[in-house]
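Listed features, source TrEMBL:
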- 1-406: domain 'Major facilitator superfamily (MFS) profile' (DOMAIN)
- 39-59: transmembrane segment (TRANSMEM)
- 66-84: transmembrane segment (TRANSMEM)
- 90-113: transmembrane segment (TRANSMEM)
- 125-147: transmembrane segment (TRANSMEM)
- 167-186: transmembrane segment (TRANSMEM)
- 223-241: transmembrane segment (TRANSMEM)
- 261-281: transmembrane segment (TRANSMEM)
- 293-309: transmembrane segment (TRANSMEM)
- 315-335: transmembrane segment (TRANSMEM)
- 355-375: transmembrane segment (TRANSMEM)
- 381-401: transmembrane segment (TRANSMEM)
């Protein structure tokens, strides 16, 4: 299930960055400015904010399969709308297609921790969550790499339209295949609960669950609120760097659109490795706060190094520093999800993940707009230092979060109770088998 989820998450996240990474080409093709093309990425963030709460409610009421079906159907529809938009006078149509895909993303982004909890045991859940995030990050990586290759910067608008149409057709074909696969294969949950915590969660009847009460309970959880803010700051910085990467690279290395995509690919591939390593480490160590804080601090260090080496004139240096940044900044994503689930158990994983992602979208929009304006008014270094200041704040906030691992405690208590029950049964069984001493 987690591999299937990762596949359709990949297809959706690829489209988030496919306009921004060839920003200058789409500007010329559609005759719009760079800020307008930036909004083709930011629409993913903007759409998420109002829709995450009804989608989280729908997840609680209808379950994972319905959410998966809606996500893949919307994503498929959006890709085919974009196929019809490959003409210079049809920019509004491509906006509609991207909007449909952005709505699909709301049904995808917060699901990794829910799928991991429903389908995997306590020693596998963090790794499974990392694999779920892995698909999303792989999609972004492909979004950085493929569009500059499929859509070269040619002068002839007819040839350019043909290249853009080919890219949209390939995406639509993949999205359609995945929609059919989800209809046939995707299941709600395993017959046997994988953990004691999940078994206890199944005992809660839908009638006794209040989504409003769940939200209010999360908002009263001080540790979780601090995590929401710090997570939003970190991931918002990642969104801004990803959206504006083409502009950063082209400013210092003119004509290097393809290498801009490769640098983006390096950021995400390194982050995917970081995500998997962090997930495996969490399953073995259970050191949620310590690992989260260490990775957050290294994200700050990575961005500082990237900011001061971007203008040195050596692309190989940018590849190394960008990869280091991606390893920690993208590697932080599953850590935030899993730490959030620990702090908020037994609340629904989709609700806690939804609030984390909502924070990330809000900060992502703010940071992308502000950094873009700072780059226009000053330079790229000033824009990156702007982000560094907020990562420093996020690091301090993370250090203040109380490590209240409720899900781990629930599993330990259930395991202890089960062990005690088995010991009690064995003791009494042994007693009953002793020969009688009465004559």
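Note: Cβ is positioned from N, Cα and C throughout, glycine not excepted.
Note that TrEMBL annotation is computational and uncurated.
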The answer for the transmembrane segment (381-401), taking Cβ pairs under 8 Å and residues 6+ beyond its ends, is 223, 226-227, 229-230, 233-234, 236-237, 240-241, 244, 248, 289, 292-293, 296-297, 299-300, 303-304, 306-308, 310-311, 339, 343, 363, 367, 370-372, 374-375
Original post:
Per the 3+ Cβ pairs under 8 Å rule, pairs at least 6 apart in sequence, do the transmembrane segment (315-335) and the transmembrane segment (355-375) touch?
Top reply: no
- Using Cβ atoms only, state whether the transmembrane segment (355-375) and the transmembrane segment (261-281) have three or more pairs under 8 Å that are 6 or more apart in sequence. no
Using a threshold of three or more Cβ pairs below 8 Å, and leaving out pairs closer than 6 in sequence, do the transmembrane segment (293-309) and the transmembrane segment (39-59) count as in contact?
no
Ranked by Cβ pairs within a distance under 8 Å of the transmembrane segment (293-309), the first of 90-113, 167-186, 223-241, 261-281 is 223-241
In the same chain, residues at least 6 away from the ends of the transmembrane segment (167-186) whose Cβ sits under 8 Å of its Cβ atoms read 1, 4, 7-8, 11, 14-15, 18, 64-65, 68-69, 72-73, 75-76, 78-80, 82-83, 85-86, 146-147, 150-151
Residues outside the transmembrane segment (66-84) whose C-beta sits under 8 Å from one of its C-beta atoms, at least 6 past its ends, are 5, 8, 11-12, 15, 55, 58-59, 90, 93-94, 96-104, 107-108, 111, 165, 168-169, 171-172, 175-176, 178-179, 182-183, 186
